[in-house]
Amino acid sequence: MANVIVIGAQWGDEGKGKITDLLSRSADVVVRSQGGVNAGHTVVVEGQTFKLHLIPSGILYPDTECIIGSGTVIDPSVLLKEMAQLHALNVTTDNLYISQTAHVTMPYHRLLDQASEEKRGKYKIGTTGRGIGPTYADKSERIGIRVIDLINTENLRQKLEWTINYKNVILEKLYNLPPLDAKTVIEEYLEYAEILRPHVVDSSLKIYEAIRKRKNILFEGAQGTLLDLDHGTYPYVTSSNPIAGGACVGSGIGPTVIDRVIGVAKAYTTRVGEGPFPTELEGEIEQLLCDRGAEFGTTTGRRRRCGWFDAVIGRYAVRINGLDCLAITKLDVLDTLEEIKVCVAYQLDGQTCRHLPSSAGEFARCQPIYRTMPGWQQPTSDCRSLEDLPKQALDYLKFLGAIMEVPIAIISLGASRDQTIIVEDPIHGPKRALLDENGSPWDNHEF
């Protein structure tokens, strides 16, 4: 039995969907614990591409129970579209369960999200405009609509009438936007409620019962560590906690039941939207990474910013999440490069900085200090074992594992399930030992 968390170790878009899909083969339950339709997972199976935003990647396995947890925010219109798309591909959603305490994204959330971002002007943060932030804000303000409210039709009308009138004042007076028609919104969401009702459960209890039965549970993260509301590169972050601790809170389970935490990172770095990005590239190499890596967002279609692997933020992700091992994705994207760089530290105001600054202003002033390594300049997408990889690719991976101080358990060399090398058992492998008092090579400045 193992309870495993899969976490993004960068700014999201690391390939968690594929890794979760791979691990779902041995999972009895897959749980999505936070975020909403601002996240996108792409899974390719036998030539078919599945793009999911809310539904856990484990849905492709009919015997795997998939739970959308209480820490998520659910847009029913998007969720129903995803379910319909899966049905069209002969994928059942009978194994999908929705937490009754998850919050619901409403039309006014989307409008407020987009209007607020536009009003920020040059201070915009790069929101997806899907209403995620305003939904979480209502949750904190304790005026949100939860799934349990959605399916309680008697109380839903009363709650929504008050809330829509309240939001209409903001839309009209602050943003000069037309008001929403409360009756239209209420009728729309009552229809959603009837369709989703059979899937609604007490998710915390359902997960707890699975733990008691010693089932294998996989907790699927959305976004990435550097987008965490508390521990990310604030204010250019999401509105939830996509770290290992957030998976426990958003699922309603205690941290002591977690056996392993797996971090997913690209062999380079990408970021969507605004915010500092020390290793960001421009020119020919950046274009190559974007083209070969198909770096366009699943949710928004926005072009991702591309740069070299940043071991400073990687080490930060190891620390914040307590990572036990890594899955490195898109190694094949680097196949044609003559040389590859890894950021091992920053130069900040004339001083060497080996840890992530908390200040966005300081982070924006960080200049990368690189270690340059030779490229392998041969294709790796057909490699299926470490022995198949070019020596330079192996050296690169060994360096990443050494500087991050966690073993690399999975190497992904393409979007398909079979384009993968399993180095060690990512689920039942050993727990990562804490460092001894002599510190690490990183602390001793050996890199």
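Numbers here mean position along the shown chain, with the first residue as 1.
In case you wondered, yes, glycine gets a Cβ from its N, Cα and C as well.
Note that the coordinates shown come from a computational prediction; the quantities given were computed from them, not determined experimentally.
Among the features that Swiss-Prot reports, active site, proton acceptor is placed at Asp13, with the record citing sequence analysis. If you look up Swiss-Prot, you'll see His41 marked as active site, proton donor. According to Swiss-Prot, the feature GTP binding site maps to 12-18, 40-42, Arg304, 330-332, 412-414. What Swiss-Prot lists as IMP binding site is Asp13, Glu14, Gly15, Lys16, Asn38, Ala39, Gly40, His41, Thr128, Arg142, Gln223, Thr238, Arg302, and the listing cites sequence analysis. Positions annotated as Mg(2+) binding site by Swiss-Prot, on the basis of sequence analysis: Asp13, Gly40. Sequence annotations record features per position, and here Swiss-Prot assigns substrate binding site to Thr298, Thr299, Thr300, Gly301, Arg302, Arg303, Arg304 based on sequence analysis.
All features noted in Swiss-Prot, drawn onto the structure.
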residue: Gly12; record: GTP binding site; Cβ within 10 Å: 28
residue: Asp13; record: active site, proton acceptor; Cβ within 10 Å: 29
residue: Asn38; record: IMP binding site; Cβ within 10 Å: 28
residue: His41; record: active site, proton donor; Cβ within 10 Å: 25
residue: Gln223; record: IMP binding site; Cβ within 10 Å: 31
residue: Gly301; record: substrate binding site; Cβ within 10 Å: 8
residue: Arg303; record: substrate binding site; Cβ within 10 Å: 12
residue: Arg304; record: substrate binding site; Cβ within 10 Å: 19
residue: Leu331; record: GTP binding site; Cβ within 10 Å: 25
residue: Leu413; record: GTP binding site; Cβ within 10 Å: 26
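Note: Lys18 (GTP binding site) has non-local neighbours Thr42, Val43, Val44, Thr329, Ser412, Ala415, Arg417, Thr420, i.e. same-chain residues 6+ apart with C-beta under 8 A of its own C-beta. Annotation for Gly15 (GTP binding site): same-chain Cβ neighbours under 8 Å, separated by at least 6 residues, are Val264, Lys266, Ala327, Thr329, Lys330, Ser412.
DSSP gives Gly301 (substrate binding site) a coil state; it is part of no helix or strand.
Residue annotation for IMP gives Asp13, Glu14, Gly15, Lys16, Asn38, Ala39, Gly40, His41, Thr128, Arg142, Gln223, Thr238, Arg302. The furthest Cα pair among them is separated by 34 Å. With all protein chains in the displayed structure included, the most crowded Cβ environment within 10 Å among the binding-site residues Thr42, Thr128 is that of Thr128. Taking only the Cα positions, the spacing between Arg302 (IMP binding site) and Gly12 (GTP binding site) is 13 angstrom. Cα of Arg304 (substrate binding site) to Cα of Asp13 (active site, proton acceptor): a distance of 9 Å. For the recorded site, Asn38 (IMP binding site), the DSSP three-state label reads coil.
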